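Enquirer: Below are the features listed in Swiss-Prot for this protein:
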BINDING   Cys43, Cys230, His255  Zn(2+) binding site
BINDING   Cys43, Gly44, Ile45, Thr46, Thr58, Asn81, Val82, Thr83, Trp226, Gly248, Ser249, Asp250, Ile282  L-cysteinyl-5'-AMP binding site
MOTIF     45-55  motif ''HIGH' region'
MOTIF     186-191  motif ''ERGGDP' region'
MOTIF     288-292  motif ''KMSKS' region'
Amino acid sequence: MQSWSSAPVPIVPGREPELRLYDTADRQVRPVAPGNTATMYVCGITPYDATHLGHAATYLAFDLIHRLWLDLGHEVRYVQNVTDVDDPLFERADRDGVDWRDLAAQEVALFREDMAALRVLSPHDYVGATEAVAEIIELVEKLLASGAAYVLDGEHPDVYYRSDATLQFGYESGYDRDTMLGLFEQRGGDPGRPGKNDALDALLWRAARPGEPSWPSPFGPGRPGWHIECAAIALSRVGSGLDVQGGGSDLIFPHHEFTAAHAECVTGEQRFARHYVHAGMIGWDGHKMSKSRGNLVLVSGLRAEGVNPAAVRLGLLAGHYRADRFWSQQVLDEAVGRLQRWRAATTLPAGPDAAAVVARVRQYLADDLNTPKAIAALDGWATDALDYGGHDEVAPRLVASTIDALLGVDL
């Protein structure tokens with residue numbers, strides 16, 4: 001699947017400190033120590049609706065990681081999937097009277113436009129689940145052969161994963177069983193399905209039903225479950241020893257827990273990823289942003305209104321990536337004003353020395369992507385430049401390059 005074009009990333013003199021990120025499994029901030037090539041897998045969209053600000057905030061967080069790794073001199077192997085075969089997609093296509101494949105193609109195209117407008121660096125591999133069916137089938141076969149999966153008896157011989165197949169299951173989320181069961185039911189699971197060995201067992205392969213797409217397999221025609229898609233794509237594109245698995249905090253359980261468990265079953269490793277990183281949720285004017293409330297703020301909608309995507313990006317980066325936070329007109333207005341001040345300061349013929357502020361920006365971003373502190377440091381430099389001027393002719397360009405390279409904001 002085609003991704004999108006990335007804008008060039010400036011090279012900033014100097015070197016960033018070691019990157020440290022909060023790991024959901026360990027419940028602490030600790031160093032990320034990739035080799036020459038840093039690897040990251042981030043869960044992509046289910047393409048049945050347009051990109052909203054919650055999506056955007058998540059992908060901006062991992063874009064920062066991508067940029068900081070580049071600043072450290074790493075090659076980056078970044079993989080993102082598209083869940084282009086799933087119930088919400090089929091339901092929306094049926095509601096709108098369109099082919100599900102056409103709907104998916106339309107929404108993926110819009111997502112690409114939104115990501116390019118927000119200057120999110122494109123993934124190395126952008127893979128639809130429908131493009132990875134062979135790898136998914138191979139992984140399900142391995143799980144069946146090892147006893148980690150079983151075929152359900154009955155009219156629909158679906159394949160399920162045994163939630164007790166690994167001793168470490170549950171380490172990523174740290175949730176107790178009751179919490180798991182509640183979230184499993186809320187987020188696409190089927191704890192009440194008759195015939196399963198355990199209520200928490202997760203669907204690997206849904207046997208063919210009338211009116212649904214299906215693919216042939218050794219265990220019968222059908223289509224992939226949700227979690228196995230990401231496990232198969234990550235293992236086939238990156239392999240074991242992933243540096244970062246990421247997504248929104250609503251994916252911690254069941255999606256990321258099961259994705260990791262599926263992969264760990266076949267690799268024998270205790271951890272699918274060295275770091276599990278999750279971004280907070282975005283609300284609107286004090287309320288949770290959701291389709292049911294009808295209060296989604298769409299990136300494409302803001303662009304259509306003439307809002308500068310750089311201001312959208314800067315507004316989302318004003319909050320810490322792990323925090324649940326709210327978008328509002330005030331947030332946007334502050335971002336627009338900040339963008340104007342930064343542009344005015346970085347187009348001066350000279351300004352205050354920039355070495356110290358560049359070092360602080362790197363330091364703050366390396367400390368679990370502390371964008372509020374990094375932005376505050378840049379605000380301070382811009383205020384000094386506009387109020388008092390300076391004699392360093394290189395400083396304005398250096399600050400502009402730093403903002404571009406590390407924060408992804410083009411002034």
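Cβ atoms are placed via backbone N, Cα and C, with glycine included.
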Enquirer: Including all protein chains displayed, how many Cβ atoms other than that of Thr58 (L-cysteinyl-5'-AMP binding site) lie within 10 Å of its Cβ?
Expert: 27
Enquirer: For the Zn(2+) site (Cys43, Cys230, His255), what does the 8 A shell look like? I mean other same-chain residues with CB within 8 A of the CB centroid.
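Expert: Along the chain, the qualifying residues are Asn81, Thr83, Trp226, His227, Glu229, Gly247, Leu251, His256, Thr259.
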Enquirer: What residues elsewhere in the chain lie close to the motif ''ERGGDP' region' (186-191), defined as a C-beta under 8 angstroms and at least 6 residues from its ends?
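Expert: Beyond its ends, the motif ''ERGGDP' region' (186-191) has Cβ neighbours at 87, 199-200, 202-203, 226, 250, 253-255.
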Enquirer: Restricting to the motif ''KMSKS' region' (288-292), what is the model's mean pLDDT?
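Expert: Result for the motif ''KMSKS' region' (288-292): average pLDDT 72.
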Enquirer: In sequence order, which same-chain residues at least six apart have a C-beta under 8 angstroms from Trp226 (L-cysteinyl-5'-AMP binding site)?
Expert: Thr83, Asp86, Gly188, Leu203, His255
Enquirer: Give me the long-range Cβ neighbours of Cys230 (Zn(2+) binding site): same chain, 6+ apart, Cβ under 8 Å, in sequence order.
Expert: Tyr41, Cys43, Asn81, His255, Thr259
Enquirer: To see if you understand the setup: which same-chain residues, six or more apart in sequence, place their Cβ under 8 Å from that of Ile282 (L-cysteinyl-5'-AMP binding site)?
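Expert: The answer is His52, Leu53, Gly54, Ala57, Met289, Leu316, Asp324, Arg325, Phe326, Trp327.
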Enquirer: What same-chain residues, at least 6 away in sequence, bring their CB to under 8 Å of the CB of Val82 (L-cysteinyl-5'-AMP binding site)?
Expert: Met1, Gly44, Ile45, Thr46, Pro47, Ala104, Val108, Tyr126, Val127, Gly128, Ala129
Enquirer: Non-local Cβ contacts of Ser249 (L-cysteinyl-5'-AMP binding site) (under 8 Å, 6 or more apart, same chain)?
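Expert: Ser249 (L-cysteinyl-5'-AMP binding site) has long-range Cβ partners His278, Ala279, Gly280, Met281, Arg322, Asp324.
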